[in-house]
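As recorded in TrEMBL, the features of this protein are as follows:
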- 20-101: domain 'GST N-terminal' (DOMAIN)
- 108-248: domain 'GST C-terminal' (DOMAIN)
- 234-253: region 'Disordered' (REGION)
- 241-253: compositional bias 'Pro residues' (COMPBIAS)
Amino acid sequence: MTRAGVVASKTAIRFSRKDPMTLRLHCAPDNASLCVRLALEELGLSYDAVLVDRRVRAQQAPAYLALNPHGMIPVLETPEGPIFETAAILLWLSDRHRDRAALMPAPGAPERGMTLAWLFWLSNTLHPALRMLFYGGEHIAPEMVFALHERTAQRTIAMLDRLEAAAPGLGGWLGAAQPSALDCYLAPMLRWCALYPESGTGWFDLGRWPELRGALDRFETRASVEAAIRAEGLGSHPFTAPRPPQPPEGSAR
């Protein structure tokens, strides 16, 4: 049984009620939906968590494709309709619920543009590179996968070096006492670097980036992270000392 009376099985998802005002996060353990879960928890919003069972490729089922025709996780069902793409969901939540917490600078704020730039850098630059590390075999001939991983790992290190250098200038929108949408997106991705690359994780050393490590240290103390740990079986230090998840339901892969 998931939250608020949502029942999930291996082959289908069934709702015990249909309230158009309820937020519904279609999620799988330790997937990109974790970024959205963290934001929902930071905002203190009530939501239903609906399992998308990757073991049976539920993200390719017709009912799910009606919400996200690309068959990717996550989807957030809202009173305005379904939203997909992690950064889009984070931005929608940030702007729609500013009365609860400031996850992004307000429209018109001087730091808004730069913070948006880094949010979409996470989405459009860093996240696609990680997909090459995690699922390279889906995109290239088998004999070329190792070379792809090796090159992408080096590119990812360079990307994180740039983020490390930029972090102090982000005006408190990364790694501050009050987390932002950037924290909610970045923390899971750094976790995944330590767990999921197909050719190993020897290239990834969080200690190389003290600014980013400090951001994760602070984020791990938040009640939002504790809620995610319980919901997805992430372990006591999911970002600074990650281990494979042990979710109560579903599968990360």
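Glycine is treated like the rest: Cβ placed from N, Cα and C.
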Cβ contacts under 8 Å made by the region 'Disordered' (234-253) with residues that lie 6+ beyond its boundaries: 2, 8, 28-31, 51-55, 187-188, 190-191, 194-196, 206, 213, 216-217, 219-220, 225, 228
Helix-strand-coil residue split for the domain 'GST C-terminal' (108-248), DSSP-based: 91 helix, 0 strand, 50 coil
